[in-house]
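S.K.: OK, Swiss-Prot features for this one:
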BINDING   D35, S36, R37, R38, Q39, V40, G41, G42, N43, C44  FAD binding site
Amino acid sequence: MAVYNYDVVVLGSGPAGEGAAMNAAKAGRKVAMVDSRRQVGGNCTHLGTIPSKALRHSVRQIMQFNTNPMFRAIGEPRWFSFPDVLKSAEKVISKQVASRTGYYARNRVDVFFGTGSFADEQTIEVVCANGVVEKLVAKHIIIATGSRPYRPADIDFHHPRIYDSDTILSLGHTPRKLIVYGAGVIGCEYASIFSGLGVLVELVDNRGQLLSFLDSEISQALSYHFSNNNITVRHNEEYDRVEGVDNGVILHLKSGKKIKADALLWCNGRTGNTDQLGLENIGVKVNSRGQIEVDENYRTCVQNIYGAGDVIGWPSLASAAHDQGRSAAGSIVDNGSWRFVNDVPTGIYTIPEISSIGKNEQELTQAKVPYEVGKAFFKSMARAQIAGEPQGMLKILFHRETLEVLGVHCFGYQASEIVHIGQAIMNQPGELNTLKYFVNTTFNYPTMAEAYRVAAYDGLNRLF
């Protein structure tokens, strides 16, 4: 058994692991990374964010071809199979792996491929694919092993027509009808993707409103677009049992209803990848979803062990995970890079997409903050008209007395890009965070960014 000594060992090579390893390495520390795959990137690159967003992009291109009258001169609408569309995602995955492999090589991060677990508080044993065991001894260890779909024990996920958000990427055909159980972010994104491929989608939600953490107007807009695009949303429903049959799946609901489809996609919750880490050997406990508790420095109950990313729970976003990993390493190397990541933009890649940051109307009303609203509808924006993307809006919430920007909510074309302009202004100190920035700044024309100017004028016109 070979023994290696490091300053920092990072378990996992997803966004959190990458952020941690790169920050520690650039601070001059000797760093090792352990990943259970034979390639870096984690679930984000191989099963989650990257393939699903690449898949969504391809589906949007198909939708644009099929709905734009200009293309009728070329031919009639075309429908592509799910496996064909998935091929484009696979190309992106390989490029991402190559990029990240290069990052670690240039920064002298040693990467070990195998299953890593704690032997004690400073030792990780890595069982490689060939059976060889390596021992890594480190001053500090960062757990960034991510998460996987939560799988209830009473559902047969080995049935060929029952999938979760990881295994759906192995789907070898295009179903005519699909049940998506769970209307969280992942469920809504996949409902959009399959609807764009012409699949009839039954989206089962155990809550009374889609993505209830969003501004209610944005949530209602999403519901409207879903119902307009062959997605039937069933609210306040819970599964009783899932029955896999030869020609499909039957979902039995506690309300007594039954739904039959060609396949079922389970998207109801996630579980931290902690069950094979040997945490019992170091006294670190997890909650019912396998998640680790950390303090504001991302330190666990063991002084030299940290956690970051999906494995610690909220907000379970790739963007936040990277910053959490970077901050965990910042706590170790003390290079001024630490911050507690608690105010991140939400990016939801439905069709149309959604993004937001800051407070929503419900929260401001409950807190009795005197706010006002400014809106810009994309159907009136020149750039949206040119792009053939009239659906959507930008909504700015601001303090009616100080004009401080309190929240930005966007639904539609390029929403996840547009939100960052508002984020930049909201992060300015004191009086520099003001709605007046948008009316006193020249925006390129035509752009989607100028929606901020339109929304700001709309908001100012409401004041008296």
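For all residues, glycine too, the Cβ spot is worked out from N, Cα and C.
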S.K.: Pick the one among the binding-site residues Q39, N43 whose Cβ has the fewest other Cβ atoms within 10 Å in this structure.
M.R.: Q39
S.K.: Measure from the Cβ of D35 (FAD binding site) and count the other Cβ atoms within 10 Å, all protein chains considered.
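M.R.: 24, counting other Cβ atoms within 10 Å of D35 (FAD binding site).
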S.K.: Which of R37, G41 (the binding-site residues) has the most other Cβ atoms within 10 Å?
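M.R.: Output for this query is G41.
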S.K.: With H, G and I counted as helix, E and B as strand and the rest as coil, say where DSSP puts N43 (FAD binding site).
M.R.: helix
S.K.: Determine, from DSSP, whether D35 (FAD binding site) sits in helix, strand or coil.
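M.R.: Strand, per DSSP.
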